[in-house]
Number of protein chains: 2
Amino acid sequence: MELWFMGTGAGMPIKERNVTSVALSLQRRRGTFWLFDCGEGTQHRLLHSPLRLSRMEKLFVTHLHGDHVYGIPGLLSSRSSLGGTDPLQVYGPPGLRELIESSLRITGTHLDYPLEIKEIEPGPIVVDGDFTVEAAHLDHRIECFGYRVSERPRGGKLNVELLAELGVPAGPAYGELKKGRDIVLEDGRTIRSVDVLGAPLPGRIVAIMGDTRPTAGAVALARGADLLVHEATFGDDLAGKAELYGHSTSVQAAEIAFAAGVERLLLTHFSSRYKTEDLAELEAQARAIFPHTDAAVELVPYTVFGLPR
Amino acid sequence: MELWFMGTGAGMPIKERNVTSVALSLQRRRGTFWLFDCGEGTQHRLLHSPLRLSRMEKLFVTHLHGDHVYGIPGLLSSRSSLGGTDPLQVYGPPGLRELIESSLRITGTHLDYPLEIKEIEPGPIVVDGDFTVEAAHLDHRIECFGYRVSERPRGGKLNVELLAELGVPAGPAYGELKKGRDIVLEDGRTIRSVDVLGAPLPGRIVAIMGDTRPTAGAVALARGADLLVHEATFGDDLAGKAELYGHSTSVQAAEIAFAAGVERLLLTHFSSRYKTEDLAELEAQARAIFPHTDAAVELVPYTVFGLPR
Ligand SMILES: [Zn+2]
Ligand SMILES: [Zn+2]
């Protein structure tokens with residue numbers, strides 16, 4: 001699991017930063033990726049990443065401000081042109097369906113795949129064999145969601161050296177042991193799963209927030225996450241402006257990370273007033289409160305490590 | 001007057017080419033620019049040009065396919081954020097108003113300037129002191145317009161060296177002479193405007209087509225233009241595909257330029273199948289018929305020279 005930021009900016013693009021979008025690569029787990037928000041130009045940025053748009057599986061929209069959604073119609077269209085035929089699920093607040101459907105209708109855009117638009121409420125919105133995704137309200141000027149992606153624990157690893165020593169032939173026996181079942185060899189020896197199977201790997205948790213003032217909802221959603229993505233539209237000196245426009249400062253983002261007890265914080269959604277070199281100051285402000293913080297950089301991978309909790 | 005291509009691609013962006021948009025800079029004439037079509041990412045490309053979005057005066061839309069319009073909502077929004085307060089006129093086929101207004105409404109986007117959306121019919125759509133813009137139907141899969149921008153002849157230049165020799169003081173007298181009126185100096189000498197004023201400069205003509213099969217409408221609209229922008233979605237070998245999808249080949253674009261007797265042809269709207277190096281072949285095919293042809297390159301200026309006609 002890796003996060004790739006396609007855009008880390010608020011409001012409008014500047015030369016060095018695009019508007020908001022972040023991809024969660026599930027390449028190893030299921031050969032796909034999920035996208036969170038889709039500002040204009042997201043599909044352009046994807047071209048410069050290893051992610052293939054045809055393999056995009058789900059889109060989660062935090063809220064309907066333009067800097068988070070104007071890239072959706074073009075992205076949906078290109079996914080079709082690039083050969084994507086698997087269904088695509090899109091989750092977000094009410095209004096999302098009209099936004100997408102009117103754009104596609106007026107432009108006569110045909111998609112070669114089933115598009116499933118789900119206007120959501122707080123609660124679990126995805127539950128499958130690998131993941132649960134939970135949505136919760138944040139505190140912005142309009143309805144805005146944060147998302148918590150929880151991976152199910154993955155089975156432990158078989159100790160193949162030990163199995164070879166014990167003379168267990170590779171094949172169906174490995175599968176049984178992996179499922180936790182003991183086996184009896186032809187010579188009558190019993191091999192106990194517990195002796196050859198490592199501890200289950202804990203499921204990883206990634207929490208991705210939309211635009212928000214500091215809110216208890218974000219803390220709850222991010223509780224114990226391996227990685228929290230939180231907006232930091234402004235530096236500490238502009239707390240008044242942040243409050244007025246429904247945003248957070250770098251310091252407030254760090255306070256949320258601290259309160260939620262997350263492992264790592266990535267800041268994003270920077271005001272266009274900040275040049276790249278200014279972000280070091282926002283980072284420093286946050287690190288004073290929550291040291292494991294970085295200002296997210298576009299188009300580099302952030303691996304989500306699952307740590308024992 | 002210069003053309004700047006923000007995008008020269010059809011359908012979807014590729015790494016080296018954006019979807020369609022071209023700007024006509026009127027910087028010297030009136031300090032503004034006009035935009036023709038606005039695919040997704042147009043505002044991003046503008047950031048890499050000398051054109052300032054707040055100085056954008058008019059947007060002409062050829063048709064409502066996504067690769068020509070998905071950049072509109074973000075562009076309109078950023079023009080406001082960047083301090084644009086002058087009215088903006090947007091021209092295009094019916095449906096344009098709903099496309100723009102629904103996007104702005106659902107995203108809660110407020111513009112700090114008057115937006116005038118004009119759903120047009122063929123004929124003159126702009127007539128002002130400097131320019132006339134005429135629209136005509138082309139032949140695409142949906143309603144599609146081409147635009148002809150005709151500049152009014154500009155006054156000739158005063159011969160300031162001669163005026164100095166003649167002892168005419170700079171000031172109001174210059175203005176009179178420039179308007180074609182003769183003046184009488186204090187010492188009684190008459191200075192004739194015709195003696196100190198150069199010939200009027202011919203108005204320049206730029207014709208910008210939308211997506212189209214070869215059509216007589218394009219020839220009429222481009223008649224005698226200094227510069228014709230015509231799509232060449234495919235090379236000559238894909239004429240069948242071009243016909244089917246309502247597009248032109250490079251050769252067909254050249255035939256239109258030849259028939260219209262234009263000065264120069266710029267090809268654009270290239271299929272994503274063509275890499276940059278492939279465009280030399282499309283260029284060569286067109287040049288065999290109309291030598292003064294180039295495949296348009298993004299983000300370089302193409303000056304429109306007014307030649308005596
Ligand atoms: Zn935002
Ligand atoms: Zn097109």
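One is the number of the first residue shown, and numbering goes on along the chain from there.
Cβ coordinates come from backbone N, Cα and C, glycine included.
These figures come from a predicted structure and were not determined experimentally.
Taken from TrEMBL, the feature active site, proton acceptor covers B:ASP67. Its Cβ taken as reference, B:ASP67 (active site, proton acceptor) is surrounded by 29 other Cβ atoms within 10 Å in the chains shown.
The Zn(2+) 1 binding site annotation in TrEMBL covers B:HIS63, B:HIS65, B:HIS140, B:ASP211. When secondary structure is read from DSSP and collapsed to three states, B:HIS65 (Zn(2+) 1 binding site) falls in the coil class.
Under the DSSP three-state reduction, B:HIS269 (Zn(2+) 2 binding site) is assigned to coil, being neither helix nor strand. Taken from TrEMBL, the feature Zn(2+) 2 binding site applies to B:ASP67, B:HIS68, B:ASP211, B:HIS269.
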Residues from B:HIS65, B:HIS140, B:HIS269 facing chain A - binding-site residues, CB under 8 A: B:HIS65
Nearest recorded site to B:HIS269 (Zn(2+) 2 binding site) by CA-CA distance, among recorded positions B:HIS63, B:ASP67, B:HIS140: B:ASP67
Rounded inter-Cα distance in Å - B:ASP67 (active site, proton acceptor), B:HIS140 (Zn(2+) 1 binding site): 14
The one of B:HIS63, B:HIS65, B:HIS68, B:HIS140, B:HIS269 whose CB sees the fewest other CB atoms within 10 Å, among these binding-site residues: B:HIS140
